[in-house]
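Step one of this worksheet: look at the structure below.
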Amino acid sequence: MRVYKCNFCGAPIYPGEGIMYVKADGTVLRYCSHKCFVSATKYGRDPRDLAWVRKRSKKPAAK
């Protein structure tokens, strides 16, 4: 059983969960939720600037 990490927030993704997005060049991006997927692809947000990402990954704030 392989556990992947979310490309946006770093949360673990267990088998059968999450979204696998394959770009035209063959790059595979994995997201734990629709919220992470939309934030990264549609809005182009930087995960370091979002408080909910820091809470989910339990990393200190970037200064």
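Backbone N, Cα and C define each Cβ position, glycine as well.
What TrEMBL lists as Zn(2+) binding site is CYS6, CYS9, CYS32, CYS36. Sequence annotations record features per position, and here TrEMBL assigns zinc finger to 6-36. Per TrEMBL, the feature domain 'TRASH' maps to 6-44.
Structure coloured by features recorded in TrEMBL.
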{"residue": "CYS6", "record": "Zn(2+) binding site", "CB count, 10 Å": "23"}
{"residue": "CYS9", "record": "Zn(2+) binding site", "CB count, 10 Å": "22"}
{"residue": "CYS32", "record": "Zn(2+) binding site", "CB count, 10 Å": "22"}
{"residue": "CYS36", "record": "Zn(2+) binding site", "CB count, 10 Å": "27"}
> Going by DSSP, how much of the zinc finger (6-36) is helix, how much is strand and how much is coil, in residues?
Replying inline: 3 helix, 10 strand, 18 coil
>> I'd like to know the mean pLDDT over the domain 'TRASH' (6-44).
In response: 92
